[in-house]
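Database features, via TrEMBL:
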type: BINDING; residues: GLY106, ALA107, PHE138, ASP223, GLU224, ILE225, GLN226, THR281; note: pyridoxal 5'-phosphate binding site
type: BINDING; residues: ARG141, SER280; note: N(2)-acetyl-L-ornithine binding site
type: MOD_RES; residues: LYS252; note: N6-(pyridoxal phosphate)lysine
Amino acid sequence: MEKSEVIQADQDYFMNVFGARFPIVVEKGEGVYLYDQQGNKYLDFTAGIAVNALGYNYPEFTEALKEQVEKLLHASNLYYFEIQAKLSKLLINNSCADKVFYGNSGAEANEGAIKLAKKYFKAKGENRYEIITTINSFHGRTLTTLAATGQNKYQKPFEPIPTGFKHVDYNNLDMIKEAITEQTAAIMVEPIQGEGGVNPATKKYLQGLREICDKEGIILIFDEIQTGIGRTGSLFAYEEYGVEPDIFTIAKALGNGVPVSAFLAKEEVASAFEPGDHGSTFGGNPLACRAAYTTLKVILEQGLLDHTKEIGEYFKQKLLELTDKYKFIKELRGMGLMLGLELDIEVKEIVMKLLRKGILVLSAGKNTLRFLPPLIISKKHVDQVIEVLDEVFATIN
Ligand SMILES: *Cc1c(COP(=O)(O)O)cnc(C)c1O
């Protein structure tokens with residue numbers, strides 16, 4: 001198909017929920033680059049929205065998946081699979097959790113986490129069902145995770161939406177304390193709000209939430225769908241804060257592009273689930289588990305966590321230099337390779353200009369440029385992005 005035919009077919013046949021997409025037809029990926037149909041090369045600082053941690057066609061990953069495709073894709077959770085057992089063991093050995101359950105998307109993992117929190121109190125005979133989340137959070141697009149998401153614009157078109165959620169300001173412990181009632185089951189937050197504009201929690205905030213939850217007997221849920229699997233330079237962002245959640249969710253980078261998610265919990269909470277309480281047809285199938293297992297193995301064994309810290313620091317330094325240079329840059333936020341640059345002006349045009357110059361970046365809200373490159377980038381890729389950003393910024397003033 002010609003490029004124009006692809007775009008036309010999308011308009012004709014695909015539900016119009018994305019509006020006009022960026023005007024390239026992506027054909028293949030290699031390393032940290034994407035290529036369009038015409039053979040144009042793009043340095044990808046989006047990584048499929050924090051998904052492709054190992055970039056594209058990472059040799060060990062591709063080999064493992066090829067082998068798995070020939071061996072077994074799926075046979076349902078009616079049976080045991082060695083690769084699922086190996087993945088569970090690896091995740092538990094490298095996290096604060098004791099038990100795991102697999103799903104296929106971030107929203108699904110959050111649904112599971114919410115179900116588990118509610119079941120925990122049901123099992124104890126306590127009437128607690130309310131979940132406190134934060135304004136500007138993002139927890140997914142299913143009806144319940146929409147209700148959890150603290151952004152009214154996503155909820156309005158679908159009212160009435162499921163009840164039982166309260167939203168309070170992020171990084172504000174007083175508001176959490178005021179929102180707690182006898183019915184509060186859990187507090188659910190992203191350690192760094194992603195879609196909401198790359199807003200990191202303060203250490204004091206997450207530590208304070210832990211204290212409040214301990215004192216009140218409330219469950220603390222971290223949505224690590226975007227921050228998990230190495231993005232911050234630790235395997236999970238909670239490690240950066242020295243705060244352990246009771247339940248946490250992961251998805252995006254877990255399968256390096258193969259859809260797989262998980263929610264993990266401490267034994268005391270996890271044991272509330274009984275046979276029949278939860279399930280999934282596709283969740284944790286052999287292909288998904290092989291993808292997740294290989295991704296984790298590579299991240300842990302190839303030193304990608306230290307690399308992410310180091311290169312993230314370098315990138316941050318370079319962005320700060322730009323911040324000094326351009327008055328319209330308001331603030332740099334983030335951790336590891338999850339960085340947001342807030343400007344005084346709208347970023348839409350800037351994102352398009354960068355694309356035309358062969359650099360892919362994201363936005364968060366109207367004013368924030370968001371960088372989520374593959375964890376395997378090197379300094380020369382950062383330099384290239386900085387150079388082109390500088391060029392584009394110079395045309396603004
Ligand atoms: C992306 C994201 C989700 C939703 O994940 P889907 O796979 O799109 O359902 C939920 N929470 C956070 C923090 C995310 O970044």
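Residue numbers in this text run from 1 along the chain shown.
Keep in mind that glycine also has a Cβ here, set from the backbone N, Cα and C atoms.
With GLY106, ALA107, PHE138, ASP223, GLU224, ILE225, GLN226, THR281 listed as the residues that bind pyridoxal 5'-phosphate, the site has a largest C-alpha separation of 25 Å. With a cut-off of 6 Å between Cβ and the nearest atom of ligand 1, the binding-site residues ASP223, ILE225, GLN226, THR281 reduce to ASP223, ILE225, GLN226. Spatially close to GLU224 (pyridoxal 5'-phosphate binding site) yet at least six residues away along the chain are GLU190, PRO191, PHE236, ALA237, TYR238, PHE248, THR249, ILE250, judged by Cβ distances under 8 angstroms.
Most buried of the binding-site residues ALA107, ILE225, judged by other Cβ atoms within 10 Å, is ILE225.
Look at the Cβ of each of the binding-site residues GLN226, SER280, THR281 and count the other Cβ atoms within 10 Å; the largest number goes with GLN226. According to DSSP, ILE225 (pyridoxal 5'-phosphate binding site) is assigned to coil rather than to any helix or strand. A straight line from the CA of ALA107 (pyridoxal 5'-phosphate binding site) to the CA of the residue listed as 'N6-(pyridoxal phosphate)lysine' spans 11 Å. Most Cβ neighbours within 10 Å, among the recorded positions ARG141, LYS252: LYS252 holds that distinction in the structure as shown. Every protein chain shown contributes to the tally, and the Cβ of PHE138 (pyridoxal 5'-phosphate binding site) ends up with 26 other Cβ atoms within 10 Å.
Taking a C-beta cut-off of under 8 angstroms and a sequence separation of 6 or more, ASP223 (pyridoxal 5'-phosphate binding site) has the following same-chain neighbours: GLY106, ASN110, ALA113, SER137, HIS139, MET188, VAL189, GLU190, PHE248, THR249.
Relative to LYS252 (N6-(pyridoxal phosphate)lysine), the binding-site residues with Cα atoms inside 10 Å are ILE225, GLN226, the candidates having been PHE138, ARG141, ILE225, GLN226, SER280, THR281.
For GLY106 (pyridoxal 5'-phosphate binding site), the count of additional Cβ atoms within 10 Å of its Cβ stands at 25 [all protein chains shown].
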